[in-house]
Ligand SMILES: Nc1ncnc2c1ncn2[C@@H]1O[C@H](COP(=O)(O)OP(=O)(O)OP(=O)(O)O)[C@@H](O)[C@H]1O
Ligand SMILES: Nc1ncnc2c1ncn2[C@@H]1O[C@H](COP(=O)(O)OP(=O)(O)OP(=O)(O)O)[C@@H](O)[C@H]1O
Ligand SMILES: [Mg+2]
Ligand SMILES: [Mg+2]
């Protein structure tokens, strides 16, 4: 419509993204990733492998949370419940000597079904209300798990070891476990990666952005919230399966409400609505306590709080926004030297951080 | 006497520079218009003045350099910015919105009078005085935004498409009222307006922006006489 | 009958603890649009400050006043140097920042004062009065009345004063508020400062009952949040009533509904919340926000 | 490599030193909550043993059964009472430490129980009353320290059974294995006593902010004995206060970890009750009876100097952990090879050891299957300032 | 193809406020229909009633003879109804192209699982619609902006993007809420041409709310004038502009004089 040319120098393709678009890079990158993942378990020490496996568990849990919260904008404080549910299903199934594939399927389906039920009710609400309804899941889940002690082992929990490396594979248990985590987690990541691009990704995003618009595009906000929530629960269930695979024990404490909050923090720190961010979030969830324990075990809370704040202060978009922040920083450096952008007060710098200037948007209540 | 002086003003959103040397001046009690195609930089010019966007060059208000001030500091100098689009505070009632507009004023009586003035000007608002602003129709929100500007009794008003979404008669009323304010209260005006017919009933001079630069500046009469202006902005 | 009334009274007194934190959350939310998870942590910190002072044999009332002043400054500083960076960004990020802040504050308190339980002197005597066969401690009555007083002050602040209006306006849309000359940055600092003050009052009220530890209010936080949503984010009166309802209904359900019992009684507020929200999404007393197409 | 249970450690040659031990030092690992809701007692579990070993190190170290004198290093990690984190901590420590010890918590210890067995890493003298850790068959590399919960409940039940009067008992128990264990032990001891009737039994959650409702309900039972299996300090204080407000003044039974005279009974106003009973096996440092006690004085000063714990602790876990240190010393002295096997053997053959701070009639005995290191407790009655041992219920 | 829209005694109330009162009119297939009236008359609300965002308190809305009042907006959208919003509502951080592609949602085949495993037919469809969206942008002079984030476009341009988004839905009934607001005169002419083309090329029924009387006069076959929620008159644009009631309530005396 308008004849105004956009400022020519400012095409969106920064050098790095155009580099990423080269065909050989597009093919080589996945291959490289697969290759690295294939040898990774073979080169690490036992503890490194165990740590990586744990990262995998929580990366999957964060990924699930990202589907419902990062992409679809529905604050869920219940994700840990689905992890716990998946873990219990797995532990129970293993204790009953069920076929492990069946156990895996149940560990996805039962949490998904629970998630579906909850979502059918909760998706009618929005914003903070949905946060409060989902917060109830872990909070009620803990006493419920104790009450159902026939299946859950009550407060003493359930142990299950089912991932001994197969005879003749020549692998240590930790290597085998890590391979399983990488394989299962990798598939979940890949599927989610595809899902949040294209039709469903856009649909989730518009449900997050503006439900009225979504509806007028033929996207029922309710149905898509339910869908996202169910997917998140299923992925949560998978992470519960992996949890049992790696940790081999679950108890009501597994799903304590504090962990749900930590998962949420991990999601934001990794980068909301980002696949890589989920992985980084999982790493943050696992590595930071490890790190703070190393520094001073009696100051873990203080250090963890401080690290969280520092990371977000530097990268409000989460760890996944680091490359973007770097290119922006470089661009700003270059621009800063030009005559056109003299400094002004910090408060009026649009584009600083994630807070791109949105003069007319109102802030909605949000948890 | 010039009240507001812009000289070679530049502005950018992040790395994207959108103002490339805008120059204009608003005399005391004057009314100046800004015309231009979509995306020409009209809104950005007003934002540069009110401090919501990072700007370069010289912006002087009443002899004082206001470039780099925060928006509330600019407002405290006596500049009211009526923004484009939904410039209201959605979760506050209509009356509360008006009271926020009068935040810097101390004269209780004057405030009450002005509330009445606005409600007379826009009877729709009187009907919805206790409604949340977000429930109002598009046009009603626009009325409220303008009223908030009026409530702050500024020395200079920056109006960004004040007639946007207003019914023809209402739009005309608004401009009549603004003209009256200018005459009665001596408020100077800098208006961005797509409805150039309406704008020319108010402004003495106007400037046409093109890709962030002044393409033309002249008195109303001069501009109205130019073919390309007629074609692009006035019709017929 | 006596038991029933006693349970109601007990519930009101527990509910008042939730209400104390809930009010502070409402204040920050109304003034900045955020839900502040660190609210409890800040209250605990204030209580520790008061406790340290009383240990230096400063009179309790003076110590609490000092902790209030401390809290105001703390709140303002936290806003200025921490929250400001996140105020215009993604609200989820800002909430996570408050979670980080909670962890940090808890860690600092644990580091400075250890995780040992400390006795916090009560502002009210420990005596009990009884009427109609129900016994109530003076402390609960004092706490409850203080909460009511705070609630009234807060309600008046929001609806009657220019400051309250300005705080709300800034929370809704800082940019637009600035166009009317509202000193956005200062108001945000004041909003946080006041919320921290409220937290300090809450801390001093509930610390004697809960005994002072760094995590003293962690368990109450969930209830407080439920009360905030149930009552309607914008209404101080609403959240106090909601907090009381939660306290009372929880007790009654635990005792009179055998299936729920004391272990699942925590589900009660959430079921209540859910039912209410389906009927009234804005909460019991909240003002409906209209999002127009 | 081979796909077997033993991780990667493989079996070292017979007699070769296990990880975490050299000729001059031995390293012990702890995973315990150092932040979060259970950080109070958790911190204590580290402080006591650290203080004890610090004191020994300052004296030059401990002489082991193999003739070498070693200093003892302690690596403690925070698990925030999260089983997953506890397992991670264990994974991190297992190759560097000789043995894991002293950590607090049932689920957190259970989380790596199987792994410790598979890796053949000692998980000993831990602070949980869960019986599984003392079943040698199931837990060959484990040993609990504190009496199993059942024992404590049982001790009180037995005391009550000595009474000839009619008693009505009200029970409030934490809704987990802790509370259940207590109640189970108590009930088994009063079985068959016709004069004792349980009139009401309720539970609470460790995360509750208040137990007022339970107290109100229990007060209506008009019981004269209140068996309160509660492990949360603030709740115990408020329970003591609430019952008084309600005008309900039964005799109380309190568990060993929530019966501190200064931290709980005094603020709770315990003087109002006819009798406050608790079980214990350690001297209460706050009790005037022990103010001059040499053990207590050594302990308190070491806690300050080596344990980084300046205040008198509100939790008995500090004392217990101190005893863990002493018990470990016993095992070290008898252990003939610097191996975990040898250590376990030495540890399992301690008999009737009266560790410092132990009350008369209690001792550390590790030989009995199904029982933790300490299985004898004495019942005590609060005397206004400290505790006295009692034999009969009066 | 084009849809037929009939409203019968549509009323709408919020609390005590009567927003619409017994509004009835019929839009024939292929018509370009105008809806005008003073601010707050209920035009946008009427749109909301048609598109399912509001449920009328009384009356019926029929599309092609089927009663649709109370149907969910998403359902209506799937059956060929598209609309723009008075205040443009775009995904500001997404590119313009992604915004427009949102309109293709109902035209893309496949369920979540098929997209998750990237079934070939899903991405083939995606590719085809992407091309179509680009072409659509190109045709509306917005091709240059396709890969810019929407928030880098000015307010006026958002209107164009919204229009493209609605058009990609291939609707049979299109509701435009003040499409010309904020456009300079020259752009209004382009818009008029675009909407005309919609009728001739795409066979769409169009209902327009607009305060720009020039556009209404040039474009519409028929108009309804609303005032205070009630129908004031119905007729051609010219009839409306000369109707004294309309001049009184809406256009204003002076404005009418000016125009004359
Ligand atoms: N937040 C933003 N980030 C980046 N670029 C922007 C932003 N806002 C506006 N622009 C760009 O700046 C230029 C000027 O925009 P501005 O809003 O000032 O135009 P305008 O003249 O007011 O147009 P309209 O008549 O459509 O309102 C446009 O090219 C627009 O794309
Ligand atoms: N959700 C709602 N809640 C309360 N009032 C509403 C709501 N929606 C519309 N209204 C009221 O209905 C009336 C009609 O609004 P509507 O937006 O339909 O007007 P309009 O004709 O589109 O006006 P404009 O030309 O200004 O856009 C207004 O007074 C408005 O305040
Ligand atoms: Mg503009
Ligand atoms: Mg409208």
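Glycine is no exception: its Cβ is also placed from the backbone N, Cα and C atoms.
Just so you know, TrEMBL annotations are computer predictions that nobody has curated.
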Can you check which of A:176-196, A:197-217, A:323-343 TrEMBL lists as transmembrane segment? A:176-196
Check each of the ranges A:70-88, A:127-145 against TrEMBL and return the one annotated as transmembrane segment. A:127-145
Can you tell me which parts of the same chain pack against the transmembrane segment (A:299-322), counting only residues 6+ beyond its ends and a CB-CB cutoff under 8 A? 265, 268-272, 274, 276-277, 280-281, 284, 288-289, 291-293, 353-355
Within the same chain, where does the transmembrane segment (A:263-287) have neighbours whose Cβ lies under 8 angstroms from its own Cβ atoms, ignoring anything closer than 6 residues to its ends? I mean 6 or more beyond. 51, 54-63, 65-66, 69-71, 77, 79-80, 189, 192-193, 196, 205, 308, 311-312, 317-321
Might you confirm whether the transmembrane segment (A:127-145) is in contact with the transmembrane segment (A:24-45), defined here as three or more C-beta pairs under 8 A between residues 6 or more apart in sequence? no
Would the transmembrane segment (A:127-145) count as touching the transmembrane segment (A:51-68), i.e. at least 3 C-beta pairs under 8 angstroms with sequence separation of 6+? no
